[in-house]
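This report refers to the structure that appears directly beneath it.
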Amino acid sequence: MANHAPFETDISTLTRFVMEQGRKAQGTGELTQLLNSLCTAIKAISSAVRQAGIAQLYGIAGSTNVTGDQVKKLDILSNDLVINMLKSSYATCVLVSEENTNAIIIEPEKRGKYVVCFDPLDGSSNIDCLVSIGTIFGIYRKKSTDEPSEKDALQPGRDLVAAGYALYGSATMLVLAMDCGVNCFMLDPSIGEFIMVDRDVKMKKKGNIYSLNEGYAKDFDPAINEYLQRKKFPPDGSAPYGARYVGSMVADIHRTLVYGGIFLYPANKKSPSGKLRLLYECNPIAYVMEKAGGLATTGDKDILDIVPTEIHQKAPVVMGSSEDVQEFLEIYRKHKAK
């Protein structure tokens with residue numbers, strides 16, 4: 001009879017992983033405190049998302065946020081959870097949220113050395129129809145010795161210490177990117193811990209799926225439309241790419257990370273700067289993509305090289321498998337040279 005224990009007794013949890021990385025880096029433990037607090041917020045949001053219908057958390061709260069999106073009740077709850085947990089970590093000094101017009105400066109007695117930019121509930125327009133939604137975050141180290149201010153958040157994505165997202169889907173998955181690579185953790189509700197399920201994730205160099213909202217095609221740059229035409233009707237006679245678009249960035253990005261392919265949210269005539277926000281959507285996801293061997297670009301430059309000028313700045317994005325993004329860039333540069 002096989003000697004299988006009914007329970008794993010040496011579990012690789014997110015907390016354990018982060019502590020190990022901190023020990024290797026001979027850190028102070030502040031980043032571990034921060035990530036543990038963020039995890040608690042994510043667990044609470046995951047629980048709220050699953051109870052939303054019963055707890056009457058669906059629907060609109062009756063206002064719009066700074067970027068013009070209608071604010072849902074779950075948005076407000078999620079935002080408050082993340083802010084309160086990060087404040088209580090004693091590891092942050094400045095917080096930037098999609099839901100707040102201005103940066104949040106942490107009170108002096110609770111300050112640490114990190115700046116966190118986050119979207120507490122990405123894809124919240126999909127809440128009422130039960131489509132997967134998520135939380136996105138990027139963590140920077142405060143560089144100046146001055147009093148904390150909004151300027152501390154205006155760092156390029158290359159300066160990220162850690163970034164990632166939580167996906168509230170058929171299970172709750174947390175994807176964390178750090179210098180050591182990209183690792184995936186799944187929430188085990190029976191013990192309330194994130195368990196490592198994929199270590200040092202690497203993307204396929206080329207996929208067979210493209211993802212964007214083609215409803216805006218009439219306003220796209222000609223380079224986008226030429227690229228899409230190539231994917232649908234390959235000139236070499238190969239199989240066309242499949243089209244997949246959920247409309248929840250975290251869901252579309254996670255599929256791209258797992259299966260390969262390309263995700264596009266380009267600029268168009270109505271949104272010449274794109275629609276996704278640089279600090280708490282584009283940069284964290286671009287960081288994950290690059291650490292997993294993919295690419296992330298605006299067309300003109302790498303997303304992680306953009307130096308932000310304001311906290312709710314927007315950027316067009318094309319990201320995914322390296323060969324797919326390179327193929328797009330060849331077409332984009334050809335059109336730009338005309």
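Cβ from N, Cα, C; glycine included.
Model, not experiment: these values are computed from the prediction.
Lys151 is the residue among Lys24, Lys143, Lys151 that Swiss-Prot labels N6-succinyllysine. Swiss-Prot marks one residue of Tyr210, Tyr216 with the annotation phosphotyrosine, and that residue is Tyr216. Among the candidates Glu98, Glu99, Glu107, Glu147, the residue that Swiss-Prot names alongside Asp119, Leu121 for the Mg(2+) 2 site is Glu98.
Annotated Mg(2+) 3-binding residues in Swiss-Prot are Asp119, Asp122, and among Glu8, Glu281, Glu290 the one listed with them is Glu281. Among the candidates Arg50, Arg141, the one that Swiss-Prot lists alongside Val18, Met19, Glu20, Gln21, Gly22, Thr28, Gly29, Glu30, Leu31, Thr32, Lys113, Tyr114 as binding AMP is Arg141.
Reduced to three states, the DSSP call for Glu98 (Mg(2+) 1 binding site) is coil. If you take the C-beta of Lys151 (N6-succinyllysine) and look for same-chain residues 6 or more apart in sequence within under 8 angstroms, you find Ser144.
Comparing Cα positions, Asp122 (substrate binding site) lies closest to Tyr265 out of the recorded positions Glu20, Gly29, Leu31, Tyr265. Using a 10 Å Cα-Cα cut-off from Tyr265 (phosphotyrosine), the binding-site residues that qualify among Val18, Leu31, Glu98, Arg141, Lys275 are Lys275. When the recorded positions Tyr216, Tyr245, Tyr265 are scored by other C-beta atoms within 10 Å, Tyr265 scores highest. Taking the C-alpha positions, the distance from Tyr216 (phosphotyrosine) to Lys275 (substrate binding site) comes to 12 Å.
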